[in-house]
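Visitor: Take this structure first; my questions come after.
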Amino acid sequence: MIWHVQNENFILDSTRIFMKAFHLLLFQGSFIFPECILIFGLILLLMIDLTSDQKDRPWFYFISSTSLVISITALLFRWREEPIISFSGNFQTNNFNEIFQFLILLCSTLCIPLSVEYIECTEMAITEFLLFVLTATLGGMFLCGANDLITIFVALECFSLCSYLLSGYTKRDLRSNEATMKYLLMGGASSSILVYGFSWLYGLSGGEIELQEIVNGLINTQMYNSPGISIALIFITVGLGFKLSLAPFHQWTPDVYEGSPTPVVAFLSVTSKVAALALATRILDIPFYFSSNEWHLLLEILAILSMILGNLLAITQTSMKRMLAYSSIGQIGYVIIGIIVGDSNDGYASMITYMLFYISMNLGTFACIVLFGLRTGTDNIRDYAGLYTKDPFLALSLALCLLSLGGLPPLAGFFGKLYLFWCGWQAGLYFLVSIGLLTSVLSIYYYLKIVKLLMTGRNQEITPYVRNYRRSPLRSNNSIELSMTVCVIASTILGISMNPILAIAQDTLF
């Protein structure tokens with residue numbers, strides 16, 4: 001009898017929770033319409049996978065790409081609307097959050113065609129791969145709009161768990177298994193550190209979880225200048241440092257880049273940084289409003305270490321993916337300048353603009369690496385020698401993307417760095433900008449070293465990998481080359497026509 005009553009109570013409670021969730025989704029679902037499109041795409045993928053055979057594989061790519069494109073369209077139609085806080089304060093919609101969501105969707109849209117041929121050649125399970133990519137994208141989008149500590153943590157873990165699964169997707173590869181283990185352990189540790197910092201904020205603010213309410217709670221409890229806030233700031237900064245691969249919290253990055261499947265690395269190298277930057281800008285600027293000098297100092301130290309260590313260690317690498325891992329550590333050091341400058345002096349605008357350029361440069365480079373790896377089976381920098389003699393298009397594409405990453409004019413990377421450093425200089429960050437300029441020159445050295453290898457014509461330097469390289473046709477239906485071409489064009493011409501991009505970035509509301 002008691003069991004029967006308890007069972008009835010459980011059913012009633014479950015029904016109430018379901019009805020409340022349905023009511024929220026029905027009346028406030030329009031505020032997360034782009035996210036709902038991705039959820040619908042995920043459900044459709046699962047249904048088709050259960051009811052179809054291997055011949056329907058092209059439909060999986062079509063559904064994934066279409067849901068991402070429709071989600072981008074829905075996001076663009078919502079641009080310039082008034083900021084809205086929905087779902088009982090858990091989710092915020094404004095231009096600032098939406099521009100980060102757009103960047104994440106753009107990364108995913110470019111990464112899917114980049115992965116098609118790789119998945120077919122390596123015989124990886126396609127449905128699960130696309131499900132993890134879309135779910136990670138969904139987690140990143142919710143992270144960009146999350147307005148309270150619990151939603152931030154859940155969205156972050158949704159993104160992180162999919163990232164761990166993707167990094168270990170080639171289960172028979174020992175390096176992939178090693179990369180997954182390191183990524184999982186370091187990622188779990190960093191999440192624990194981040195949540196510990198959140199718990200300090202929760203306690204000091206009198207039990208508040210919404211970002212703006214935390215500020216009000218700190219004022220009411222008179223704890224905004226207490227030592228506890230400094231402890232919370234340190235733990236949250238360390239947690240964010242792991243997520244952003246900032247030195248000295250970067251140890252996992254080179255191994256994960258080297259061991260994971262290359263399309264996965266391409267996806268994680270940009271989406272993880274965009275999502276973490278969206279979180280860092282809000283979590284530091286809102287709850288730690290009264291400790292701005294302290295977190296500015298912490299970020300300056302981390303940015304300097306990242307720029308110096310990242311670029312110095314990149315010079316010594318023999319693996320292309322490890323070199324790009326250390327290069328990405330240096331690149332995120334430059335982006336931190338924009339966060340430190342903040343909303344004044346166009347700091348956030350310069351950060352958003354550079355991240356857009358970085359997406360095209362980085363994904364273009366990885367597209368070239370995926371293509372070269374599939375045709376030769378090597379990742380060693382030395383084995384790229386003489387590629388121009390066999391495949392001029394691939395060699396030129398890789399050279400343009402690398403030179404753009406280095407910041408050579410008139411490529412997009414030059415204009416992005418110029419604007420970023422100029423904003424930092426105007427804000428008085430003279431030492432930080434000087435370090436950025438010096439390390440940028442250093443990065444050009446190892447990028448030019450690779451470009452020189454690509455263009456060499458001396459037979460004694462050309463390895464068997466390039467000698468036996470099969471030449472690609474002038475006109476190709478290769479989806480990797482499609483992504484590569486789009487990224488190369490963007491890396492080349494976006495900087496010249498960056499005024500409209502700047503205007504949109506400056507129009508974001510924080």
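Glycine is no exception: its Cβ is also placed from the backbone N, Cα and C atoms.
As listed in Swiss-Prot for this protein:
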TRANSMEM  31-51  transmembrane segment
TRANSMEM  59-79  transmembrane segment
TRANSMEM  99-119  transmembrane segment
TRANSMEM  124-144  transmembrane segment
TRANSMEM  184-204  transmembrane segment
TRANSMEM  229-249  transmembrane segment
TRANSMEM  261-281  transmembrane segment
TRANSMEM  323-343  transmembrane segment
TRANSMEM  354-374  transmembrane segment
TRANSMEM  395-415  transmembrane segment
TRANSMEM  418-438  transmembrane segment
TRANSMEM  484-504  transmembrane segment
Visitor: Quickly jot the same-chain residues contacting the transmembrane segment (261-281) by Cβ under 8 Å, restricted to those at least six beyond its ends, or write none.
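Guide: Long-range Cβ neighbours of the transmembrane segment (261-281): 96-97, 100, 103-104, 107-108, 111, 114-115, 118-119, 122, 124, 133, 136-137, 139-140, 143-144, 146, 152, 156, 159, 163, 166-167, 169-170, 176, 240, 243-245, 321, 324, 328, 332, 335, 339, 348, 351, 355, 358-359, 362-363, 366-367, 369-370, 373, 510.
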Visitor: Against which stretches of its own chain does the transmembrane segment (395-415) lie, if we need a Cβ under 8 Å and a gap of at least six residues from its ends?
Guide: 327, 331, 357-358, 360-362, 364-365, 367-369, 372, 384, 387-388, 440, 443-444, 447-448, 450-451, 454-455, 484-485, 487-488, 490-496, 498
Visitor: Return the stretch with the most CB pairs under 8 A relative to the transmembrane segment (354-374), choosing among 99-119, 323-343, 484-504.
Guide: 484-504
Visitor: Report, as numbers and ranges, which residues of the same chain sit near the transmembrane segment (418-438): CB under 8 Å and 6 or more residues beyond its ends.
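Guide: Answer is 300, 303-304, 307-308, 333-335, 337-338, 340-341, 344-347, 349-351, 353-354, 407, 498, 502.
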Visitor: Counting only residues 6 or more past its boundaries, what in the same chain has a CB within less than 8 Å of a CB in the transmembrane segment (59-79)?
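Guide: Non-local partners: 33-35, 37-38, 40-41, 44-45, 48-49, 52, 93, 95, 98, 101-102, 105-106, 108-109, 112-113, 116, 126-127, 130, 133-134, 137.
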